[in-house]
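Database features (Swiss-Prot):
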ACT_SITE  D139  active site, charge relay system
ACT_SITE  H194  active site, charge relay system
ACT_SITE  S495  active site, charge relay system
DOMAIN    29-106  domain 'Inhibitor I9'
DOMAIN    111-556  domain 'Peptidase S8'
DOMAIN    350-411  domain 'PA'
CARBOHYD  N170  N-linked glycosylation site
CARBOHYD  N217  N-linked glycosylation site
CARBOHYD  N360  N-linked glycosylation site
CARBOHYD  N416  N-linked glycosylation site
CARBOHYD  N433  N-linked glycosylation site
CARBOHYD  N577  N-linked glycosylation site
CARBOHYD  N615  N-linked glycosylation site
CARBOHYD  N633  N-linked glycosylation site
SIGNAL    1-19  signal peptide
Amino acid sequence: MAKRDYFCFVVLFLSSVSAVIDDPQNKQVYVVYMGSLPSLLEYTPLSHHMSILQEVTGDSSVEGRLVRSYKRSFNGFAARLTESERIRVAEMEGVVSVFPNINYKLQTTASWDFLGLKEGKNTKRNLAIESDTIIGFIDSGIWPESESFSDKGFGPPPKKWKGVCSGGKNFTCNNKLIGARDYTSEGTRDLQGHGTHTASTAAGNAVADASFFGIGNGTARGGVPASRIAAYKVCSEKDCTAASLLSAFDDAIADGVDLISISLASEFPQKYYKDAIAIGAFHANVKGILTVNSAGNSGSFPSTTASVAPWILSVAASNTNRGFFTKVVLGNGKTLVGRSVNSFDLKGKKYPLVYGDNFNESLVQGKILVSKFPTSSKVAVGSILIDDYQHYALLSSKPFSLLPPDDFDSLVSYINSTRSPQGTFLKTEAFFNQTAPTVASFSSRGPNFIAVDLLKPDISAPGVEILAAYSPLGSPSEEESDKRRVKYSVMSGTSMSCPHVAGVAAYIRTFHPKWSPSVIQSAIMTTAWPMKPNRPGFASTEFAYGAGHVDQIAAINPGLVYELDKADHIAFLCGLNYTSKTLHLIAGEAVTCSGNTLPRNLNYPSMSAKIDGYNSSFTVTFKRTVTNLGTPNSTYKSKIVLNHGAKLVKVSPSVLSFKRVNEKQSFTVTFSGNLNLNLPTSANLIWSDGTHNVRSVIVVYTT
């Protein structure tokens with residue numbers, strides 16, 4: 001009887017599923033990716049997209065089906081399709097992939113001083129080219145009236161600029177903010193603050209006396225304040241869709257931006273041909289445009305980063321030497337030090353403390369709520385929580401502090417020791433963090449889930465407690481109850497580290513405007529400050545910070561670089577078993593995969609390999625080629641630094657001699673060591689001519 005009931009259920013279930021699939025009213029938005037634009041003069045993308053829809057729907061009127069048409073920089077469209085229509089489109093000639101219109105998420109000044117790019121005459125700049133540099137920000141829009149985007153002292157936009165200012169009602173561009181496009185129907189004005197913050201972090205003007213209610217007071221500025229900004233709004237207050245992202249890439253590439261900064265990430269890693277950011281960034285790379293992308297805020301577990309393509313510079317978040325703390329003063333006079341950005345000054349007035357996890361609102365009204373778990377109250381004066389994981393300052397709409405476990409236990413002991421426990425908050429102060437830089441707990445980690453032999457993220461940069469411009473329409477704590485409005489705010493996330501590296505890339509480009517995206521990426525990675533794990537565990541190693549912490553001063557003059565072009569990336573995809581037919585569409589030209597390409601031999605600045613096995617020895621080989629961008633008649637000697645589990649690294653040849661600039665030399669690295677499930681085996685290869693130290697991270701792991 002049970003089996004019969006189960007069988008009936010399955011039949012009914014499958015019947016209902018079939019009915020849903022075939023229901024013409026059940027349409028969803030899908031992205032149809034068709035690769036590069038055909039070079040045929042008579043080809044019109046929009047007409048082709050419409051004809052595809054007409055064919056699969058059997059209807060000549062399909063205007064209501066088409067959502068987006070990608071026709072300026074690559075080929076494809078977004079449309080409302082039923083499941084059966086999706087299947088038919090996916091099977092059509094000329095289609096690379098069809099994937100759901102998934103949602104991407106926002107990955108939500110002293111930081112530049114920490115990086116060595118100080119304000120003033122001592123910082124080397126090439127202002128003429130910096131002013132000719134255009135950074136495209138794909139984000140939540142921008143607040144054009146911010147002082148960070150004033151065009152005082154700016155000349156007209158560069159002649160290469162082909163974009164427009166279509167920001168919507170009461171939105172005006174200028175000679176600093178030269179372009180604006182909206183894909184949300186809200187207008188390009190930033191309603192959240194995120195896009196304003198990221199744009200000003202990379203390219204904002206120097207604004208004196210910027211602070212968050214007096215906290216972090218100083219000069220807020222971007223890494224390249226003389227550069228131009230183009231804002232592409234893809235994030236509404238509701239979502240950031242794949243279809244909108246691809247439209248922004250399509251326009252930004254054709255508009256003539258020099259760099260793209262995108263502080264967004266999908267919830268999970270996607271295959272490259274189904275990832276809007278990977279698709280857009282690939283076509284940007286082909287046009288000589290580097291895409292810098294946040295690694296994600298999914299925390300310190302392995303394989304959480306979704307920014308995993310080799311043609312993207314993926315950025316983890318780390319802290320700086322400035323942090324914020326908030327003191328809690330108890331009724332017995334003891335002071336405890338926690339983390340938060342608390343702008344509220346209680347003037348020393350003490351309030352009753354109540355400890356627990358679940359309370360009726362009437363029990364906490366007018367009191368300070370103390371809890372081990374995240375909680376909120378509309379009527380409590382403020383809250384104190386335990387910080388056993390975050391290790392960075394959060395904002396709240398009320399007085400708030402995160403106490404380290406020992407101090408939290410001390411607070412609970414005090415509460416239990418008296419009938420009338422009391423306490424108060426002091427306003428947040430800044431402190432000097434001697435342990436910086438360390439990777440933030442929220443920053444997403446590798447290993448790379450899509451291409452296991454490619455190390456991601458690539459680099460780490462400041463992303464903790466960053467002060468930058470903000471939208472007056474946004475809540476600084478992102479809480480609806482927070483009615484404060486500010487021009488500058490403090491935010492943390494890989495969303496903040498991404499524009500730091502975009503600013504660094506733009507800074508490098510001002511000295512080397514003809515450098516390709518891969519050369520700039522290599523220069524940033526091979527000159528990074530070495531970092532070490534700040535906590536035990538597999539995901540706290542190179543999988544947390546990649547090559548290390550960005551050093552833009554050294555990156556201007558890297559010595560040797562690892563170059564990549566379109567053909568290298570296509571060969572890499574061959575090694576991932578993409579078919580020649582698919583790659584022909586992506587590349588826009590004939591592709592023949594040789595069948596013996598190993599992804600680990602992509603000429604990437606880092607080296608990584610996943611090996612099957614456990615507690616066993618291994619030997620793996622990497623092949624690389626470097627280009628001399630230093631001085632002619634130079635000789636580089638190899639040096640190896642062995643880390644955990646590494647036994648031996650052989651480099652052949654161990655010495656590279658160059659007679660001229662732009663000369664290339666190839667070498668092989670043979671790495672031997674022991675596999676360990678708990679830690680990757682790693683080493684550093686350093687090529688040095690006595691002036692330049694070109695460092696590559698080598699990581700071998702098993703899972």
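Residue numbers in this text run from 1 along the chain shown.
Just so it is clear, glycine is given a Cβ too, placed from its N, Cα and C backbone atoms.
On a predicted model such as this, the values are computed, not experimentally measured, just so you know.
Nearest to N433 (N-linked glycosylation site) in space, judged by Cα atoms and limited to the recorded positions D139, N360, N577, is D139. With respect to S495 (active site, charge relay system), the closest of these glycosylation sites in Cα terms is N577, chosen from N416, N577, N633. Long-range C-beta contacts of N633 (N-linked glycosylation site), restricted to its own chain and to partners at least six residues apart, with a cutoff below 8 Å, comprise F658, K659. Highest Cβ count within 10 Å among the glycosylation sites N170, N217, N360, N416, N433: N433. S495 (active site, charge relay system) counts 31 other C-beta atoms within 10 Å of its own C-beta, drawing on all protein chains shown. Shown for the domain 'Inhibitor I9' (29-106): DSSP residue counts in helix, strand and coil, namely 21 helix, 23 strand, 34 coil. Other Cβ atoms within 10 Å of the Cβ of D139 (active site, charge relay system), summed over all protein chains shown, number 29. Rounded to a whole number, the distance between the Cα atoms of N360 (N-linked glycosylation site) and N416 (N-linked glycosylation site) is 20 Å. Rounded to a whole number, the distance between the Cα atoms of H194 (active site, charge relay system) and D139 (active site, charge relay system) is 7 Å. The Cα atom of N577 (N-linked glycosylation site) lies nearest to that of H194, taking the recorded positions N170, H194, N217, N360 as the candidates. If you measure from the Cα atom of N217 (N-linked glycosylation site) to that of N360 (N-linked glycosylation site), you get 39 Å.
Here the recorded positions are H194, N577, and the one whose Cβ sees the fewest other Cβ atoms within 10 Å is N577. Look at the domain 'PA' (350-411): DSSP puts its residues at 11 helix, 19 strand, 32 coil.
Taking the Cα atom of each, H194 (active site, charge relay system) and N170 (N-linked glycosylation site) are about 20 angstrom apart. Here the CA atom of N360 (N-linked glycosylation site) lies 46 Å from the CA atom of N170 (N-linked glycosylation site).
In the three-state DSSP scheme, N433 (N-linked glycosylation site) is classed as coil. Reduced to three states, the DSSP call for S495 (active site, charge relay system) is helix.
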